[in-house]
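Trainee: So Swiss-Prot has the following annotated:
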- D33, A34, E35, Y36, D37, S82, L83, E114, R137, E174, K291, K315: NAD(+) binding site (BINDING)
- K116: active site, N6-AMP-lysine intermediate (ACT_SITE)
- C409, C412, C427, C433: Zn(2+) binding site (BINDING)
- 593-669: domain 'BRCT' (DOMAIN)
Amino acid sequence: MSESKQQYLEELKQQLHYHAVRYYVEDNPEIPDAEYDRMMRELMAIEAEHPEWISVDSPSQRVGGVALDSFRQVTHEIPMLSLDNAFSDEELESFLKRAQDRMPSAHIDAFCCEPKLDGLAVSLLYENGVLVQAATRGDGTTGENITENVRTIASVPLKLQGEGWPSRIEVRGEVFMPKAGFEKLNDIARKKGEKVFVNPRNAAAGSLRQLDSKITATRPLAFYAYSVGVVEGISLSSSHYQRFLQLKQWGLPMCPETKLVNGLESVKAFYADILNRRDALPYEIDGVVIKIDDIVIQEKLGFVARAPRWAIAYKFPAQEELTLLNDVEFQVGRTGAITPVAKLEPVFVGGVTVSNATLHNADEIERLGVMVGDTVVIRRAGDVIPQIVSVVKDRRKGDEKNIIFPTACPVCHSHVERIEGEAVTRCSGGLVCQAQRKEALKHFVSRKALDVDGLGDKVIEQLVDKEMVETPADLFTLSAGVLTVLERMGPKSAQNIVNALNVAKETTLARFLYSLGIREVGEATAANLARHFKTLEAIQTATHEQLIEVPDIGEVVARHITAFFAEEKNQRVVQALIEQGIVWPAVEELGSEIPQPLAGKVVVLTGTLTQLSRGDAKAALERLGAKVTGSVSKKTDIVFAGEAAGSKLTKAQELGVEIQTEQDLLALL
């Protein structure tokens, strides 16, 4: 029973990781927020029951959301966490009870309440009153530098007003697009025959992620502050609400609906009032945020892995509509998972037109009792992601058709299998399956794997469709001349891809393991395997018993690893990759005997490094004991400056921070 539950936990992790990427990176979610939240709460409940099963790559240990490659990355000095959700008065009461139980001597009665804006979380850094950096939340630890775009937002002060502001302060808040501005933007797009945005949130996110800030400047964006991060120079009020008022005096806008209330009943009344006036408000919201007002209590309550214990988002009820289920298509993912996708009569619900919804698996189809031709209830839980929640069976006409789950893969026609205890049906074709092949190759060249610049999804799909590659090793046999037969592929672009493939041959053992796409082996697990076994050969021949000795590897993951390397076709792929020249440096022994000359030092990398990639340099510095951050401050001990170093180098010089060169870094290594 315990093994079955742990296996289910691993499946939950996989699903949560997948849907987080669909939501935060691809902007193409498959399931409603409510379903994601349910899965997350189920995962956290199992982990609470079995804390020994918690792994570093668990979704409970991080904030959803991944920084894109288009912008320079920024490391948040204090993580920008997300919020836990409540969907009922009972869950709100449980949140408050947990807080009070943790601090029995405190009287928790004052709460700062505000609408939960449906936009994009950002961080604004002011130094000596001047805006010097703006960043997205990203994954909570690392975000995107969007300073030039944020400077175009009229409600964001470029310089703080008044007096008495800290020498350094980070203000966090939400960038959003008011309803009126959104409608006007879409009206202009329609008149020009251009594509319109589906909702204000997407419009705000798309506007902030423009590489050309002149485009952002034309978009009707607004900003409201909701909290403070780093503060240096002065002490702020011990009241969260009073901090809001102080920010307002310095020229930072706050949501006018924000209130300080006393007592649980007042919190509920605030929620009911905002819900009642929701449609009349000039901006989109999907709930209210409730924060314990006392900063001292906040600090003592602290955080869980992904959210503060002193705040919660009380979400509004999901919005629902009726529509017809016209058909069901079956999609195949990288690991062979076959997912039924409902094709719906388009319906406008929760601010977007919905035409697709996931049906998850065969069990879900059976549970719903849904048939093609049924009238179904579509819900957009959290106002973001659609799902089929029920069937209106009394509207059936008698010509509805059963949904037949395929017995063979819809792409490669290999037989499908469903392992006992799993809800997912999988194609057994592996890389023989064109769908799996495409997804496996996309994973292989992705940023966190081999990181092949320029080899995007559309290029991979063409290569597979034209039968130019079958396995990852085939990529390294491509010539520029061969690549030019692809659509929109000129000689220069083709040569750039060949060059990028050659550069990617020099990697690390951890990246190589991750690139292979072994089920459940994410970045952290791959790194643990590399550190533990040191060589690929040792991992390939490791027994199940040896594998479960590795930190964060349990029975299920160990089975996936041994099964992968036991497959002859996988052995051939790995060998072919080695023969193509993929190499990595020896994995260093980690332990007290390894000197850490930078132990406890705060280090910043800036400029262009010629001998190391930025990622490799960061990893090397961390092995030497350093904490690598993304911005220079008084707390910075060393700045390693490469070629064309800019503002960070200038700031380091102004602050008197020690500056070293790339050669100094190489000497340390």
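Positions of Cβ are set from backbone N, Cα and C atoms, glycine also.
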Trainee: Once the DSSP letters are reduced so that anything not helix or strand counts as coil, what is D37 (NAD(+) binding site)?
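Mentor: In the DSSP reduction, D37 (NAD(+) binding site) maps to helix.
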Trainee: If you measure from the Cα of D37 (NAD(+) binding site), which of the recorded positions K116, C412, C427, C433 is the nearest?
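Mentor: Result for D37 (NAD(+) binding site): the nearest of the recorded positions is K116.
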Trainee: Take the mean position of the Cβ atoms of C409, C412, C427, C433, the recorded Zn(2+) site. Which other residues of that chain put their Cβ within 8 Å of it?
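Mentor: In sequence order, the nearby non-listed residues are V332, G336, A408, P410, V411, H413, S414, V416, S428, G429, V432, Q434, A435, Q436.
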Trainee: Out of K116, C409, C412, C427, C433, the recorded positions in the record, which is closest to L83 (NAD(+) binding site) when you go by Cα distance?
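Mentor: So, spelling it out, the nearest of the recorded positions is K116.
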Trainee: Let's check the environment of E35 (NAD(+) binding site): how many other CB atoms sit within 10 Å of its CB?
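Mentor: A count of 22.
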Trainee: May I ask you to report the DSSP-based helix, strand or coil state of K291 (NAD(+) binding site)?
Mentor: strand
Trainee: Quick one: what's DSSP say for K116 (active site, N6-AMP-lysine intermediate), helix, strand or coil?
Mentor: strand
Trainee: At the level of the C-alpha atoms, what whole-angstrom distance separates C412 (Zn(2+) binding site) and K116 (active site, N6-AMP-lysine intermediate)?
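Mentor: Cα-Cα distance, C412 (Zn(2+) binding site) to K116 (active site, N6-AMP-lysine intermediate): 46 Å.
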Trainee: Any same-chain residues 6+ apart from C433 (Zn(2+) binding site) with CB under 8 Å of its CB? Would you list them in sequence order, or say none?
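Mentor: Once residues fewer than 6 apart are set aside, C433 (Zn(2+) binding site) is near V332, G336, C409, V411, C412, S414, C427.
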Trainee: What Cα-Cα separation, expressed in whole Å, is found between E35 (NAD(+) binding site) and K116 (active site, N6-AMP-lysine intermediate)?
Mentor: 19
Trainee: Measure from the CA atom of the residue listed as 'active site, N6-AMP-lysine intermediate' to the CA atom of K291 (NAD(+) binding site) and give the result in Å, rounded to a whole number.
Mentor: 12
Trainee: Calculate the distance in Å between the alpha carbons (Cα) of K116 (active site, N6-AMP-lysine intermediate) and R137 (NAD(+) binding site), and round it to a whole number.
Mentor: 16
Trainee: For the domain 'BRCT' (593-669), what are the DSSP-based totals of helix, strand and coil residues?
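Mentor: Per-class counts: 26 helix, 18 strand, 33 coil.
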Trainee: Taking the Cβ of the residue listed as 'active site, N6-AMP-lysine intermediate' as the centre, how many other Cβ atoms fall within a 10 Å radius?
Mentor: 23
